[in-house]
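Written below as structure tokens is the structure these notes are about.
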Amino acid sequence: MARSPRRAGAPRLQLPLLCLLLQGATAILFAVFVRYNHETDAALWHWGNHSNLDNEFYFRYPSFQDVHVMVFVGFGFLMAFLQRYGFSSVGFTFLLAAFALQWSTLIQGFFHSLHGGYIHVSVNSMINADFCAGAVLISFGAILGKTGPAQLLLMTVLEVALFGINEFVLLNLLQVKDAGGSMTIHTFGAYFGLVLSRVLYRPQLEKSKHRQCSVYHSDLFAMIGTIFLWIFWPSFNSAPTTLGDGQHRTALNTYYSLSASTLGTFAMSALVGERGRLDMVHIQNAALAGGVVVGTAGEMMLTPFGALAAGFLAGTVSTLGYKFFTPILEAKFKVQDTCGVHNLHGIPGVLGALLGVLVVGLATHEAYGEGLGSVFPLIAKGQRTAMSQAMYQLFGLFVTLMFASVGGALGGLLLKLPCLGSPADCQCYEDQVYWEVPGEHEDAAQGPLKAEEPDTQA
């Protein structure tokens, strides 16, 4: 049945109107609230007695560059494995991250850098905003191919707000340690997306099952994303940590953990694979689990051996998750996790939080010496014992899971609004629904889609 002109025109205007509305509202809020901080304001910086080389830009910007590449290149290409959804994977990653970094600058600014009624921004604001965008993209991975761009933008509005609140509760109120974001980024983003996917469950998704797979070149593009993420992950985990030994130690622990998770992934993939063959899905994803698992404990005295052990465990568990748990997740729990974020970010994120609990509980003055104050200031001041700090870390994990679950459920209800126009079951994982695809005539490409029922939407 042909759509009425009104219904046909609505999706055409939906995305541009929403983009204009969100950008306009954000710009107004920036004009009212956002100002340069003392290291970026020309008058304030030159008023002080210091060298230009003392500016924090020179210490933080290299890390920011690496994080920026991870968000826009790494995540985008990692999700480009679907044979008919490469434009959307990379393009919608670009769109969501570009909006999320603006919106999160405001949300995080209200919680962390509001002084005199203004939000003061710096290179640290850019790093933190990219971290928030990373959490959004993790959630995007769980619902990849099953939602439209307007739905994704509204998801970003809600998730960024909840991310900021959860981060404030953990880092400021509970004062837990989570520099690399095992809890605030990976666990939150994964379970927000998984609950969202459960609410948006599509019982008739089998109609698009033939497109929910990769081809040789799409897997190769995804592997490019993996390599970018793998190379820059030490910068990701160490970017917000204390300059000096803390940042150095975080990068080192992440470096070793990633290498061990890669070996664990190859070993387990060959072990569980048919006739001992490697599965590219495992290599693309589980090899990165080592970066996730040391997100919390990376700046602590984890030891190089501890980093290797944690990384190997994460890579092994993640691979087993892709092989055995993902099918159960869909069949028994009705969670259609397109990218397997539960295996790459969810389980390793929880393991990383628990690893943090263990390492914090073992912290002593003898192990940290004078550096105890920079890693665990409350323990150094005698306001908390190592065990009580460990309990706060554990409570922070539960708080994160609560915010993610409630937020994902609310997001799912929001995205189910009929006016948002999600793709039909037979049109999921298909670029041509939203993009001009070169070399394909629209009627020829859409022919098989139109033969299916068009109104079975989430």
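Note that the numbers count up from 1, one per residue, in the order the chain is shown.
Just so you know, glycine gets a Cβ as well, placed from its N, Cα and C.
According to Swiss-Prot, the protein has these features:
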- 1-13: topological domain 'Cytoplasmic' (TOPO_DOM)
- 14-34: transmembrane segment (TRANSMEM)
- 35-61: topological domain 'Extracellular' (TOPO_DOM)
- Asn49: N-linked glycosylation site (CARBOHYD)
- 62-82: transmembrane segment (TRANSMEM)
- 83-90: topological domain 'Cytoplasmic' (TOPO_DOM)
- 91-111: transmembrane segment (TRANSMEM)
- 112-124: topological domain 'Extracellular' (TOPO_DOM)
- 125-145: transmembrane segment (TRANSMEM)
- 146-151: topological domain 'Cytoplasmic' (TOPO_DOM)
- 152-172: transmembrane segment (TRANSMEM)
- 173-179: topological domain 'Extracellular' (TOPO_DOM)
- 180-200: transmembrane segment (TRANSMEM)
- 201-219: topological domain 'Cytoplasmic' (TOPO_DOM)
- 220-240: transmembrane segment (TRANSMEM)
- 241-250: topological domain 'Extracellular' (TOPO_DOM)
- 251-273: transmembrane segment (TRANSMEM)
- 274-279: topological domain 'Cytoplasmic' (TOPO_DOM)
- 280-302: transmembrane segment (TRANSMEM)
- 303-306: topological domain 'Extracellular' (TOPO_DOM)
- 307-329: transmembrane segment (TRANSMEM)
- 330-343: topological domain 'Cytoplasmic' (TOPO_DOM)
- 344-364: transmembrane segment (TRANSMEM)
- 394-414: transmembrane segment (TRANSMEM)
- 415-458: topological domain 'Cytoplasmic' (TOPO_DOM)
- 416-424: region 'Interaction with ANK3' (REGION)
- 429-432: motif 'Basolateral sorting signal' (MOTIF)
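In this chain, the transmembrane segment (91-111) touches the transmembrane segment (152-172); three or more CB pairs sit within less than 8 A of each other, excluding pairs fewer than 6 residues apart. Looking at the motif 'Basolateral sorting signal' (429-432) alone, the prediction's average pLDDT is 93. Mapped onto DSSP helix, strand and coil, the motif 'Basolateral sorting signal' (429-432) counts 2 helix, 0 strand, 2 coil. When the topological domain 'Cytoplasmic' (146-151) is classified with DSSP, helix, strand and coil residues number 3 helix, 0 strand, 3 coil. Beyond the topological domain 'Extracellular' (173-179), the same-chain residues lying 6 or more positions past its ends with a Cβ under 8 Å from any Cβ of the stretch are 237-238, 240-241, 250, 295-296, 298-300, 353, 356, 360, 375-376, 378, 392-393, 395-396, 399. The transmembrane segment (394-414) is in contact with the transmembrane segment (180-200), judged by 3+ CB-CB distances under 8 Å for residue pairs 6 or more apart in sequence.
For the transmembrane segment (220-240), same-chain residues at least 6 beyond its ends with a Cβ under 8 Å from one of its own Cβ atoms are 60, 62-64, 66-67, 69-70, 73-81, 86, 124, 127-128, 131, 134, 179-181, 214, 247-248, 250-255, 258, 262, 280, 283-285, 287-288, 291, 294-295, 298-299. Here the topological domain 'Cytoplasmic' (274-279) has long-range neighbours at 266, 322-323, meaning same-chain residues at least 6 beyond its ends whose C-beta is under 8 angstroms from one of its own.
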